[in-house]
């Protein structure tokens, strides 16, 4: 099944927080097998690397009405959990069963504690003898790896960065604390994330590390990525667009029209100052109200090779940091004498920004029209210093 257009996942996310009838109708519309394939794909992605001391094959039965859709999951110590062919496999002592609606809600619904009776476990007959106790313990550990992946517990962002080998933490950059501070409030919402810059360059296999990180951090999110290098491969809830420059306004507008509006836009692209400025001016209007626009690596404003000044101490007027400085004036446009006449879209829709040392700056979109400070407040000091 292809997830390039996110149609199945978008349908799942729409119904996961709805009533039971809407959810079941969605499963019927798409087909239980199609929905189950997407759920199993997500389940495998969320499984932690097992530390189980061996290998076990766990059966998974997803029930929908009279239908029973069976999968086998291979849980091997130190390796990612994968799907396995049922034929010829000895299940590791148990089969786990869940209703399609229950599994869908646990993976993609709003946060909630697991209730009793959410799943069933059946033991195989060959576990009744004393010789199989070690196998039973292995099966229990393997089953726990899979069951834990359905909970609402998400690892901290720094751990996710290390797991998926993103450079946002632990090496050159230390961004995850800043991201978590601003984004944790929407972590469990059905958000849409766009990241400019996928990574991997001409070696496509390791690309998309931060996209996977965001996919795991936002369990109900859809993640999109664009890059100048061809990275078209997609996985569930992650879509990648192929070679295009971020300073191509028409291309970026097409991305926004096709996949937006976005809750978060992250510019981790070329880091060339002109590109960052172009992307911001084009893409900021495609943030939803309350969304965040993040520009990483603004320290290139000091590097001539990226469009920074040559031989000067401060960034020139054409750098990303100078643009950020100008945004402070934009936030306060209502206090300027010419504010109402000169305010552009960004000024009228930017309510705040944060800047961090050599790392990133984030801007929040919302309606910026509080009326300004009343004219009854004097514009000169009311005390006399003379």
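Glycine residues also receive a Cβ, built from the backbone N, Cα and C atoms like all the rest.
Bear in mind that the values here come from a model prediction, so they are computed numbers and not experimental data.
Checking the ranges 341-363, 364-386 against Swiss-Prot, the region 'Disordered' annotation falls on 364-386. The secondary structure of residue 210 (S-adenosyl-L-methionine binding site), as reduced to three states from DSSP, is helical.
The CA atom of residue 198 (S-adenosyl-L-methionine binding site) is located 13 Å away from the CA atom of residue 296 (Mg(2+) binding site).
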